[in-house]
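According to Swiss-Prot:
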BINDING   97, 145, 192, 193, 194, 195, 196, 304, 305, 306, 307, 308  substrate binding site
BINDING   177-179, 187-192, 262-263, 308-311  ATP binding site
């Protein structure tokens, strides 16, 4: 099992994730995504969007505002019910979520005893003000989830897109929660990104679609992101674990170095949200669906799929990371990312920094850069250049050598097994396209 310290070291060293405000000592639970991190996030987001919107004719996208009317959060139950139970250790002053520790045992931090304060409720929403006057009339919240922006746009999307039940609305965006404890690198933070889809169905079809989306989402992690199946599992919520809006819920959990934790939730939200907004807005017809064929009118039920984009980044790094002992006794660090997710698809290396080789290398770069994100490197030994690309997950390295001048062929070196092939320059584009399309992961890595 990979160690968390190895992932954190790689992430900072190679430019995936940096500590936010590091030059000023850092800000706990806040992280910046570097050149490779933004590419990995973008690629995961792209695959999610494709799987949700492009591969389903009845799902469309939305990008709702972070700031919304505070009445929305009162209607949704977040103002009154979106809270965690918090305790403090009276000896060391450490703060914990009450459901994360055993209050009958010693403090996890100081180990002195179980001298905790009584559990008290802590609302997770960030409150701020819009306008020049800071009073109750200008209060707004940073959204704690993207879902409510979808629900209040139910009628807008339904009418403008001419959709019929069942249909879905997908959204990727930032959410904010004033977590009692931020921990495990980018896993639990106050600012994060969600990939959510709300699927509206007839109440009688809720169970059928709930089962469909459970399997669909698990397949996404295994078949699209190529996450190891033996590190994924479903976990059902019992009645004591359900959120205030949910009738049923399943989590997809991944086995991180710190244990199995949620990466996506699939929830049967019933008609809770639409009914609440109909009530609080006093516009019930806006949230009602009229089936023109059957003449039936009803408030749709909702199935939610809610994945953490930032958690998916961490999961992908953990699952792809490997260390290999080579025959010469050296150690090779490899990120076995699916080529679709890799920040760079190709690295181009002139064997030596000679003009006759660099000119060809630059020409190949320009021919391919419209379709592939490419890293160009002409410094250092070829072995060290290979190792640098292995460590950031680049699947294919193309080397231009003196034979290239003679026969217009290059060496293509594959990341996972380090095999090399001579490929004609004119065939390079189609060769790499085919390799990416036919890529198969070895889950026994």
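Yeah, the Cβs are placed from backbone N, Cα and C, and that goes for glycine too.
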Using a 10 Å cut-off between Cα atoms, which of these binding-site residues sit near residue 311 (ATP binding site): 192, 194, 196, 305?
192, 194
Name, in the order they occur in the sequence, the residues of the same chain whose CB lies under 8 A from the CB of residue 177 (ATP binding site) and which sit 6 or more residues away.
124, 125, 126, 144, 190, 192
Would you mind ranking the binding-site residues 190, 263, 307, 309 by how many other Cβ atoms sit within 10 Å of each Cβ and giving me the lowest?
190
Residue 309 (ATP binding site) -> DSSP, reduced to three states, gives helix
Show which residues of the chain containing residue 179 (ATP binding site), separated from it by at least 6 in sequence, have their CB under 8 Å from its CB.
29, 124, 188, 189, 190
Residue 263 (ATP binding site) versus binding-site residues 194, 196, 305, 307 - nearest by Cα
307
188, 311: which of these binding-site residues has the highest Cβ count within 10 Å of its own Cβ?
311
Residues near residue 196 (substrate binding site) by Cβ (under 8 Å) yet at least 6 apart in sequence within the same chain, in sequence order, are 145, 146, 147, 150, 170, 171, 172, 304, 305, 306, 307
